Each structure stands twice: as C-alpha cells, then as structure tokens.
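Taking it in order: structure first as structure tokens, then the write-up.
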Amino acid sequence: MDSNTVSSFQVDCFLWHVRKRFADQKLGDAPFLDRLRRDQKSLRGRASTLGLDIETATRAGKQIVERILEEESNEALKMTIASVPASRYLTDMTLEEMSRDWFMLMPKQKVAGSLCIRMDQAIMEKSIILKANFSVIFDRLETLILLRAFTEEGAIVGEISPLHSLPGHTDEDVKNAVGVLIGGLEWNGNTVRVSENLQRFAWRSRNENERPSLPPKQKREVAGTIRSEV
C-alpha cells in the first residue's frame, strides 16, 4: 500500500475529529455540518477499502499535523491561506430537506461514475422541481453534496448523491446525471423544473421553456434506455 495513501487518510481522520469537536460545541453552520456528515461516510468507506482502523489512524494523523505545525511559521501560514481559492456553498435545500428519509414504491437506481441516481418510477404526471446543495469555485460546480427531486407537495421522489466509496466527480458528471434523472421523471409524464442555482451551474444551455435541455447524445439515448437505466 502506498505510504502517501495511508498518511493522507490519517491526516483526514484527525482533521475530521477536530471538526467534529468544533461541531459538538454548537459552533458549526449548516454547510459545515453537511460536509461533516458527508466526510464521515467517506472516511468509513476509505477505512474499509484500506483495511485501516479509524481511531488508530486519527492518532497517527494528529502526530503528522503537530509536526507540520511545529515547522510552520506564521508568515508562511498566512501566504498559504491567501493563495488558496475560496469556494462558495450554495443551498437550495434546508437541513431538514437534506436529512429527511424517503422511500420509493417502484425504486429504480443507476450508478453513473461516482454518482448514484435514484428515483421512484411510481410517480406520474406531477410537477417536480430539482434542488441541490453544492459548492462552486471559479464559477463552476465543484462538489455536489446532494440533489433531490421534490413534488409540489414537498414529497421526495428522486435523488442524486455522491458515492462515498468513489470520491471525486466533475461538473460534467453532475450534468449527465441530472439529464438521466430528468429523462426518467419525464418518461412518466412528469413536468420537471430545476432551481436557479442548478440552471446557472449545472446547465449552461436552456430551451424556450427555461428548462435545461439534454445534451444531444442524451436526447438520442434517453428514450431508449431510461426505463432500464434508472
């Protein structure tokens, strides 16, 4: 096993521990708590893949971080912070909407890269809106936290979420996943809209109805594949 992989995991475990202590003191805001929960699942998946104990890794990570801080000057720390581009966190959903449990009468699921697409194919002829919480950097979608499809009544009928065992996705990955979800929902006669944030960052082109248009390749494929894909 590569030593950098192990040490990276150890440092991530310790930094998560520090953030958890911060949250336990009721100091974290909603985006902070969202990332904390997401990263916890990711660390558990990585621990299983690497065959490492999280508690032991956390202690080792603490030693690594302490050694770095001992060598770091205040001036170097200021320069490092200033050189890191800041990302923005955009929220369409409340914490309650993100954490709410939901179930499907006719569940369908598709894994697309590191994203999992789920929808309830029992939902027909409804007006649906897609909402998402995600970060943006350099005016591009950086990381999708969670996307959910809601009916006008507030019921959750679809979802796109990162697979924590396969970290990493691009804005194009999200765009394609949204296209698959929209195609699956529309197949059953539903009308789908997306939030303004998604229109701006997940789709660059729109049709005359102000709904994101599918990429040409997906327009050809959705009708023939969505029933088996989603």
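Quick reminder: no glycine exception, Cβ is built from N, Cα and C everywhere.
According to Swiss-Prot, the feature region 'RNA-binding and homodimerization' maps to 1-73, an assignment based on sequence analysis. According to Swiss-Prot, the feature motif 'Nuclear localization signal' maps to 34-38. Swiss-Prot lists 137-146 with the feature motif 'Nuclear export signal'. The region 'CPSF4-binding' annotation in Swiss-Prot covers 180-215 and is backed by sequence analysis. The annotation region 'Disordered' is assigned in Swiss-Prot to 206-230. For 218-230, the entry in Swiss-Prot reads compositional bias 'Basic and acidic residues'. The feature region 'PABPN1-binding' is assigned by Swiss-Prot to 223-230, with sequence analysis given as support.
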**Asked** For the region 'RNA-binding and homodimerization' (1-73), what's the model's average pLDDT?
**Response** 88
**Message:** Going by DSSP assignments with H, G and I as helix and E and B as strand, what are the residue counts for the region 'RNA-binding and homodimerization' (1-73)?
**Reply:** 61 helix, 0 strand, 12 coil
